[in-house]
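The Mg(2+) binding site annotation in TrEMBL covers N6, E382. Sequence annotations record features per position, and here TrEMBL assigns ATP binding site to K13, H204, L205, G206, N207, G208, D279, M280, R281, G328, I329, G330, E331, N332. Residues or ranges marked as substrate binding site by TrEMBL: R88. Annotation source TrEMBL lists active site, proton donor/acceptor at D144. TrEMBL lists H176, R237 with the feature site 'Transition state stabilizer'.
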Amino acid sequence: MILVVNAGSSSIKFRLFDTSEKQPKDILDGLAERITIDGIVSFKYEGTKYKFEVDLPNHEVAVDFILKKLVEMKIIKSAEAIKAVGFRIVHGGTISESSVISTEVFNTIKDAVKLAPLHNPGAITAIEAVKKVMPNANLVACFDTAYHQTLNQEQYLYAVPYEWYEKHGVRKYGFHGISYQYITQQLANNLNKDLNKVNAIICHLGNGASIACIKEGKSFDTTMGLTPLAGVMMGTRSGDIDPSIIEYICNELKITVKEATSILNKQSGLLGMSGETSDMRDITNGYKQNKPNFIRSLNKYSQVAADYIIRFANLIGHDIDAIVFTAGIGENSETTREEILKRLPLLDIELDSKANEVDYDESKVISTKNSKIPVIVMRTNEELMICLDTIKLIK
Ligand code: AMP
């Protein structure tokens, strides 16, 4: 058994995989939330939902509670049945692949707190908790940044003093790498192609969103930067803006840089532009009802995504295997996909409107046979990717 953990400062998402067969199977999906506030642990097992209200003063108590519940319910024989725990870590600095959590790796995750202050501290606390509660388990870290370490300097450097990069690590790191790694592997399988020959543009459009340019099976460029604030427009994040806006709006509104940055992270994007919601379901509904605030939001969202797709198409050249849509919006919003694709006249894409609307299991082609580039929707599975990397590392 392998446990996959995605922890925040007050929550732990967990998924248990049975790894006794060749293909790992997820058997339980759960969430411990409101840690340090009060505490709820819930999970789904064999189609039934379970919920426990329990005092969770810290992550350690939460991990201990989860393990004891799994044993008590005979889902696992004992805590030792879990051979390894794979952690999703947002920022791994310049670590280029999933790694066993040695002291050195753990210190690098700690050093990256200043680059990902909202994300890495929760993961660190969870690693420490699991170490205490499960001293015999192998611990593996899978990073959202690692997959993009193949970018070359033209892509990852900013045009700022070079010292900022050398001394302070100011560079593009990129995120959603676990998802991109998974989708690229799936794409290679689907196309029956060697992984190192896959060229694709992958649009990971969830509440957080980014796009990656995959050239010869590796990340060649991506839209997020030093932090997940950069790139395309998102649910509540602005994506790219003129950096001078920050000083200007701080003076206008008499707010601090920290406050302005928080607005760019939490009150911008679809939420900021619509003034109502960050949820793409509401945006597309309002768009269909001709509401101006939803029209401007979806138009901007689609245009920015299309602008990056054409830029990445130019980086790949002529041999593009596919444009892939994934994550919450990419997988489910046919309106958003259509709006983005219709803004790419140079790519000669022909959308199959019927296919775009019909539901699917794992993946589906939504372009016609005449389309110069195939367009595919594909369900991402970051937890399975973490499980597979964990298996590889503990063998
Ligand atoms: P994620 O962060 O990957 O969970 O994606 C969350 C986003 O997916 C939210 O903006 C949701 O509104 C969006 N989403 C989920 N289902 C749909 C759907 N059926 N149509 C449009 N957007 C959806």
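Numbering starts at 1 and runs along the chain as displayed.
Using the three backbone atoms N, Cα and C, a Cβ is placed for every residue, glycine included.
Nobody curates TrEMBL annotations by hand; they come from automatic prediction.
Everything TrEMBL records as a feature, shown here on the structure.
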residue : record                             : DSSP class
K13     : ATP binding site                   : strand
R88     : substrate binding site             : strand
D144    : active site, proton donor/acceptor : coil
H176    : site 'Transition state stabilizer' : coil
L205    : ATP binding site                   : strand
D279    : ATP binding site                   : coil
E331    : ATP binding site                   : helix
E382    : Mg(2+) binding site                : helix
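Ligand 1 lies within reach of N207 from the recorded positions H176, N207, E382, judged by a C-beta closer than 6 angstroms to any of its atoms.
Considering only the recorded positions K13, H176, L205, R281, the residue whose Cα is spatially closest to the Cα of E382 (Mg(2+) binding site) is H176. The Cβ of E331 (ATP binding site) has 19 other Cβ atoms within 10 Å, all protein chains considered.
Of all the binding-site residues listed (N6, N207), N6 sits in the most crowded Cβ setting, with the most other Cβ atoms within 10 Å. Around R237 (site 'Transition state stabilizer'), a 10 Å sphere centred on its CB holds 26 further CB atoms from the protein chains shown. Of R88, D144, H176, R237, all annotated as recorded positions, the residue with the shortest Cα distance to E331 (ATP binding site) is H176. Considering only the recorded positions D144, D279, E382, the Cβ with the fewest other Cβ atoms within 10 Å is that of D279. According to DSSP, R237 (site 'Transition state stabilizer') is assigned to coil rather than to any helix or strand. You'll find the Cα of L205 (ATP binding site) roughly 10 Å from the Cα of H176 (site 'Transition state stabilizer'). Here D279 (ATP binding site) is positioned 22 angstrom away from N6 (Mg(2+) binding site), judged by their C-alpha atoms.
Secondary structure at N6 (Mg(2+) binding site), as computed by DSSP, is strand. Within 10 Å of the Cα of D279 (ATP binding site), not one of the recorded positions from the list R88, D144, H176 places its own Cα.
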